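Report on one structure; see the data block that follows.
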Amino acid sequence: MVSPRVILIGPPGAGKSTVGAMVADRLGLPFVDTDALIVQEQQRSVSDIFVVDGEETFRRLEADAARRSLDAETVLALGGGAPIQDAVAELLAGHRVLFLDVAIADASGRIGFDQSRPLLAVNPRATWSRMMTQRRPAYERLATWVVDTAGKDVETVVEEVLAHVTKVDHD
Ligand SMILES: Nc1ncnc2c1ncn2[C@@H]1O[C@H](COP(=O)(O)OP(=O)(O)OP(=O)(O)O)[C@@H](O)[C@H]1O
Ligand SMILES: O=C(O)C1=C[C@@H](O)[C@@H](O)[C@H](O)C1
Ligand SMILES: [Mg+2]
């Protein structure tokens, strides 16, 4: 069965989009990011969908985007909240799922908490921390591998992800 070489999960600021694109490039594979796919297909921003149609609509689009992205050989980044949905979590069984872990100290510096992340529009640091406490058990349960990105630059994280992917390719 054809499936993504690796699926990246983790909270906003973990580096899923940045690291995922670079890993895909190094592997010579297409990079798919469910957030970007939704934006492209809907022709509007994630924030716009949240504000105009509500989170429930976004989650439905996201689950659908994830479902359609699982049967191709790519590097796949899921939106931060995607694997928290039971419907998406169930789809991940049997796939290589890599949790990019990050703590608030690094995440806050990375994402700057601008308005592009609708869930973090109010009290961004406290909201991120609360969200991560709730989500961490799911990220850990679904992951077949974890890379802690704390204190590591993007290139170091990319190398760690590539090392893992190459190793499991040969196992
Ligand atoms: N290990 C790292 N060290 C320093 N900066 C990083 C690292 N990983 C990512 N960044 C930077 O942090 C910012 C956020 O990264 P990115 O958008 O890839 O996160 P994400 O996990 O895709 O978040 P979201 O769930 O909101 O889509 C980017 O500017 C990126 O360059
Ligand atoms: O963590 C989340 O719930 C989100 C993360 C982003 O990737 C986007 O999917 C959206 O902003 C929601
Ligand atoms: Mg992203």
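If you go along the chain as it appears here, the first residue is 1 and each next one adds 1.
Glycine residues also receive a Cβ, built from the backbone N, Cα and C atoms like all the rest.
Because TrEMBL annotations are produced automatically, they should be read as predictions rather than curated entries.
Summary of the site annotation: TrEMBL records substrate binding at D35, R59, G80. Screening the candidates R130, R135, R136 against this entry identifies R135 as the one listed for that site.
Among the candidates R117, R141, the residue that TrEMBL annotates alongside G13, A14, G15, K16, S17, T18 as binding ATP is R117. Neighbour counts were taken at the CB atom with a 10 A radius for the binding-site residues K16, R59, R117; the maximum falls on K16. Across the fold, the C-alpha of G13 (ATP binding site) and the C-alpha of G80 (substrate binding site) stand 9 Å from each other. A sphere of 10 angstroms centred on the C-beta of G15 (ATP binding site) encloses 26 other C-beta atoms. A coil conformation is recorded for A14 (ATP binding site) in the three-state DSSP classification, outside any helix or strand.
Secondary structure at G80 (substrate binding site), as computed by DSSP, is coil. Within 10 Å of the C-beta atom of G80 (substrate binding site) sit 23 other C-beta atoms, taking all shown protein chains into account.
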